[in-house]
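Colleague: One structure, as structure tokens, below. Some questions next.
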């Protein structure tokens, strides 16, 4: 039976299947079915859709450009690591209908993301899932099925009492508002109501002064508390009457606690809040390894989607491996493997388009150059022609730098990291072996040190310089300004001969050895020069190493395989989710001091402020998702594990007991406590798992943030999926205390 719009679903040039697509009546779900069999193949929620791209904006659709005009083509892009959906409509009008319709549905102004709306949407979703016969009513048998679907193992008599109380029409079924009543009774938050009543004299409302008391005593809000209380009432109180009286009801109190203001993540740190005027080497920089790969390192697909996804996540250092391609056009792929190839031109075009959509701060393009001299000239030409003024081709002030410029100075600029012929001075002042005159602003000691460096080895001479000239195109060399790639030959050698505008890349194994043998020297080195860390070549499955141990010594560019979900990417997302997601996080003061004594392996040697105690009361969970691919009727047994990732002395984890058969509203009421010696470097990861006594626990959800971004008090933690996407309204309710 024909239903919906007939469109081609495309996976490759040869795979073009016709499918019927239809938006369900709830305006929240789209399913598609086979034209040949009529079988529904898949469905997705509007909430899963990040954006819609028109025209030939994927490799697959670009390959079909001659066969299908751009007006009929569009791509649905999903959150997380789910693959895109490329579609070809029967006409330009049909394509526009779907593109505009989807954009309206995913636009925040169409569905403002308030707690009330998320709850309403959630209620409607569950109603439609459980309404088996689709008559718009739900009998008690369907309600029992719903409870199983929602991770609730409830006594049948209690469930029947809730059902009958909500059945105001006494029809034996629930419909419309009756189901909403049933849902509200089911989701009654006793722990929040008890907290509300602790501060409410009459148990029914919080007056302005009572709310101020709560904010000061429990939430530790100490500035502008009365103004904040008024704002919260105006923003979250659903009753107009209560708002006019400047009081907050229990419903408004719950909405506040579930909001961004009630989140564990300090809302002021979500926006840009750090000093962005310090040298680049004073920041941790969100960095990707082999960005073009979206699967494994041996047979995986190379795609511009890898760059788009990384840039949208705030990544500021991307990698590109360039090789000679056909027809004089360089290609990008993982050399000497079976990974697919994409034109370098497409990568650069994608970079130019998406580089500054998420963040205005500089992007570093790490170039692995395996091209012939002829195609290196093409690389340089394409970089300059496509990127134009975005590509940095000289220093910010036209002078030889004594330190790296700041992210602020380099806004909207793309920096090329790669090999360079000779010195930056040669390019700025013309070739020659003599070091240029030092300006009057520099004191004599600095000038003498610069001359000494040049004599000892700061300048390339003889065979080394000649080899570079023979293997590297001058035009490509000239594109490298602040990130000249040099071999690492030890910290003393770097201090004597290297420059701030040079950068070394180290394997994870080499970095670990340096951390173990010379931790403090490594920290000092990273106060004035950039260091890039990359994964072991043995990680052919695109797995990741822990970035934390590299951040502990101040390494700025810690490159990870963004396509691989797991603890390592959770830590990366957790660190860079602050500061406006701009991809730069300022290192603590003791990691920016060239004379620092800090060594992460021995925090006692550093005169820090002393240990900080983090106390976390894990109170309850709300509407936790079922484990993927679990059996029908299976209900999770959730536990919460809190992990501290930081210097070795701070690495720790503790977990609650598991709660049997309740993923809907489990209560733990357990207190976990941690001692942090270097809280400035600590990340805190909250993990919910489904306990299994016979095998490994299953992942349910997680949330990771830097300790510096934790807001004390009664807070909700809004859980993320394995892919790092939100799973509303799944959350944890905790009480946080920090003491020094």
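Even glycines carry a Cβ here, placed using N, Cα and C.
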Colleague: Of 299-340, 341-382, 425-466, which span is tagged region 'Disordered' by TrEMBL?
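Modeller: From TrEMBL, the annotated region 'Disordered' range turns out to be 425-466.
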Colleague: C-alpha of residue 637 (Ca(2+) 4 binding site) to C-alpha of residue 690 (Ca(2+) 5 binding site): distance in Å?
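Modeller: If we compare the Cα positions of residue 637 (Ca(2+) 4 binding site) and residue 690 (Ca(2+) 5 binding site), the gap is 5 Å.
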Colleague: Please report how many Å separate the Cα atom of residue 169 (O-linked glycosylation site) from that of residue 691 (Ca(2+) 5 binding site), as a whole number.
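Modeller: That comes out at 41 Å between the alpha carbons.
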Colleague: Going along the chain, which residues at least six beyond the ends of the domain 'EF-hand' (154-189) come within the CB cut-off of under 8 Å?
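Modeller: Beyond its ends, the domain 'EF-hand' (154-189) has Cβ neighbours at 123, 126-127, 136-140, 143-144, 147, 254, 620, 622-623, 664-665.
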Colleague: What does the structure give for the C-alpha distance between residue 692 (Ca(2+) 5 binding site) and residue 635 (Ca(2+) 4 binding site)? Integer Å is fine.
Modeller: 12
Colleague: Apart from 690, 691, 692, which residues in this chain have a Cβ no more than 8 Å from the mean position of the Cβ atoms of those residues at the Ca(2+) 5 site?
Modeller: 636, 637, 638, 639, 658, 689, 693, 697, 698
Colleague: Taking the Cβ of each of the binding-site residues and counting other Cβ atoms inside 10 Å, which one has the highest number: 690, 692?
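Modeller: Neighbour-count leader: 690.
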Colleague: List the same-chain residues at least 6 positions away in sequence whose Cβ sits under 8 Å from the Cβ of residue 691 (Ca(2+) 5 binding site), in sequence order, or say none.
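Modeller: Sequence-distant Cβ neighbours: 637, 638, 639, 658, 697.
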